[in-house]
Amino acid sequence: MGVLEKIQEIEAEMRRTQKNKATEYHLGLLKGKLAKLRAQLLEPTSKSGPKGEGFDVLKSGDARVAFIGFPSVGKSTLLSAITKTKSATASYEFTTLTAIPGVLEYDGAEIQMLDLPGIIEGASQGRGGRQAVSAARTADLILMVLDATKAADQREKIEYELEQVGIRLNRQPPNVTLTIKKNGGIKFNHTVPLTHMDYKMAYNILHEYRIHNADILIREDITVDDFIDLVMGNRRYINCLYCYSKIDAVSLEEVDRLARLPKSVVISCNMKLNLDFLKERIWEELNLYRIYTKRKGEMPDFSEALIVRKGSTIEQVCNRIHRTLAEQLKYALVWGTSAKHSPQVVGLNHRVEEGDVVTIVTK
């Protein structure tokens, strides 16, 4: 029996099983088996087989944004509209057959935009577009491009496909610590009341993955799925921005409704509507900061920003400049919102904020 058949068999058993207190452990175990099989489905079938053309695009720039959506929703047109890249466009499906990169230049940052081929329903199970769905795992932000006339249906299907390949949209990893040991059995502790998980459930799932010795500390009321995600260890938690195209084909009331949805932008490439706002929202969702450097005794250099992730420390700023600079640091001077006074003398662990000016002093 193949992996797909096993998946279908478990899914059928889960549908047949009535959800109640008596069956929750059995269902939890089935979910664990299902997650393991789906992970196998994503593994390459042959180590020596040829790689899909256009899917191994070298990651460049300060961040990567993946365009994902069904065929002919306007991904290629959008890429051409907000970058200098000309991606083939046509009114028929499957115009883009490989991953096409472009660069969005925004306030000193270079953001790589990746136009992935259109996916179809069942892509996560290998029915078409599985490479595109998997390639989205490498992104720092997913831009889900949806046809405004079919928005709800397309969004639901794409979210399902991404969920199956281990992508968790607009979520944080569960606040749980799992430490695998060599002996000592399973130790289960939690700091909050749990309504979905208990020791027996955790024990059953860990044994399914052949983990027999571990310390578990749970700090939030997680679900069984959250715990399986933690055990799998290969989930990607990625911000997603929903981009509704072809809004000229729906009513003004529908445009207004879509625009008010969380993390959503309505656009029209034909009318060049809201493209600048889309760029602004992409920047916000990427959680990037612009940091400026200053030599001792000179004015800050505001012509070229150093792009770092939100929450970055002076150590990471040093690494962005040169990989050995952090080792040579004596101290840093910081001006800006992260400094208690200007300038503040700080060390490697100081967290920088947007617009900070930094002077690095070496030993």
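Using the three backbone atoms N, Cα and C, a Cβ is placed for every residue, glycine included.
A quick note: this is a predicted structure, and the numbers were derived from the prediction, not measured.
According to Swiss-Prot, the protein carries these features:
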DOMAIN    63-287  domain 'OBG-type G'
BINDING   69-76, 115-119, 246-249  GTP binding site
DOMAIN    287-362  domain 'TGS'
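The Cβ neighbour count for Asp248 (GTP binding site), using a 10 Å radius and every protein chain shown, is 11. DSSP labels the residues of the domain 'TGS' (287-362) in these numbers: 12 helix, 28 strand, 36 coil. Residue environment of Lys75 (GTP binding site) contains 30 other Cβ atoms, counted within 10 Å of its Cβ in all protein chains. Residue environment of Leu116 (GTP binding site) contains 27 other Cβ atoms, counted within 10 Å of its Cβ in all protein chains.
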